[in-house]
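Some notes on the structure that comes next.
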Amino acid sequence: MVNQTHEFLLEMTGVSKEFPGVKALDKVNLNVRPHSIHALMGENGAGKSTLLKCLFGIYEKNEGNILFLGKEVNFTSSKEALESGVSMVHQELNQVKQCSVMDNIWLGRYPKKGFFVDHDKMYRDTKAIFAELDIDIDPKVKVATLSVSQMQMVEIAKAFSYDAKIVIMDEPTSSLTEKEVSHLFTIINKLKEKGCGVVYISHKMEEIFAICDEITILRDGQWVDTRPLKGLDMDQIIAMMVGRELTHRFPEKTNTPKDVILEVENLTALNQPSIQDVSFELKAGEILGVAGLVGSRRTDIVETIFGVRERSEGHIRLHGREMKNRDAHEAINNGFALVTEERRSTGIYGNLDITFNALVANVDEYKTQMGLLSDKKMKSDTQWVIDSMRVKTPSHQTHISSLSGGNQQKVIIGRWLLTQPEILMLDEPTRGIDVGAKFEIYQLILELAKKNKGIIIISSEMPELLGITDRILVMSNGRAAGIVNTKETSQNEILELASRYL
């Protein structure tokens, strides 16, 4: 598939990019070999996205050279890059959902028979690509009917159809099950066998060690190092990424659980399949983890408690008082807060500033007697969120979408703390966040527990649950399979419980 006359398929050398007042990239290098999977790592804000935008012509670089197959290139669009053999599978998949799979692959370059589209050839060509990549999807079904992992496979097949030499994958496993991740890795390895160079961007260290051959690390817009992965360990990579040694992945636990403040008894959601007969207690100052396989209905628990999912039976008691929580507004007034899993779609208002995003859950607090909003109080509370959550931002007016994932998440947590909750529920709070920012969010969570908040954390990352929680509620197929003390349990025990009702 790929002509191997060059040591590197892609050579980005000394690439710099400046924005007004900010040097986003400062002489960055990225060299990708054929037959290799190359990890590109760095904290959010390290410059990974900016570097790739310079490659695809979305940003114009200020200096540096880009060689592709030995020739200097300056792509002016993603389309030009794709047609030349450089493809990107995005975290947010850009597909025409109401069109068929094969339409999405051949869009804009349909095979023709006379004046008409040759659907038979399009079908045959799609089937041939799928067979080569071991993809089992009907080319004629609508993309809207596919799972996220299948949509990603369609994107990879599209890159393959363009005879891509470089395939860039941005956080490809963020929404996949373990089985789907395993299948994706098989397909990525097939691309490697055929001579492609795959650039793999992920915050998941385990994946980097499982699949990658080389690694390039960026920090604060600068190139730190490029090395073979063999011989490196996790601590060395983290130290290069953050510029200091993180001696522990998790802060020291200094919270002390006290009296029970929340009792959940026989909680069952109205619209099944969902949670059934779930019971647990939560103490003041306690961090309770919720574990389970994908599809175990972990999120349904916090949604039902928060009133966004209707319950058919069960009791929620806070300090012994029965809580109805018929909707989110009532739940907020009763002292509950929920940081949702999908930060981009249900957490932030991307085209609005930090002030709006920090205060939106608490607007009534800023109304004066005349019904106007108090600018002074709004400024003061926004500053409180920025200071107490340690948000890195130029100003209150900065659009939240321009912040790194870790800083966006801190603003969301700060937003809910302004409502003065007693129970804070966090669904996948560190998904898509780099290792340094994760540590800061763990610190914030522990500080809140020390202030006697009751905290519930849902996470798919087992080390996270074992590193930060006091107890873990394990869900299996919508039912509580057991509650374990974190200090006394193991990954194997949790996985056994998670399979109990399958």
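For all residues, glycine too, the Cβ spot is worked out from N, Cα and C.
Here is what Swiss-Prot says about this protein:
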type    : residues                                               : note
DOMAIN  : 10-245                                                 : domain 'ABC transporter 1'
BINDING : GLY42, GLU43, ASN44, GLY45, ALA46, GLY47, LYS48, SER49 : ATP binding site
DOMAIN  : 255-502                                                : domain 'ABC transporter 2'
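SER49 (ATP binding site) falls within a helix when secondary structure is assigned with DSSP. Shown are the binding-site residues GLY42, GLY45, GLY47; the one with the most C-beta atoms within 10 angstroms of its own C-beta is GLY42. For the recorded site, GLU43 (ATP binding site), the DSSP three-state label reads coil. Counting every protein chain shown, 17 other Cβ atoms lie within 10 Å of the Cβ of SER49 (ATP binding site). Looking just at the domain 'ABC transporter 2' (255-502), the mean pLDDT is 91. Long-range Cβ contacts of ALA46 (ATP binding site) within its own chain (separation 6+, distance under 8 Å): LEU218, ARG219, ASP220, GLY221, MET241, ASP434.
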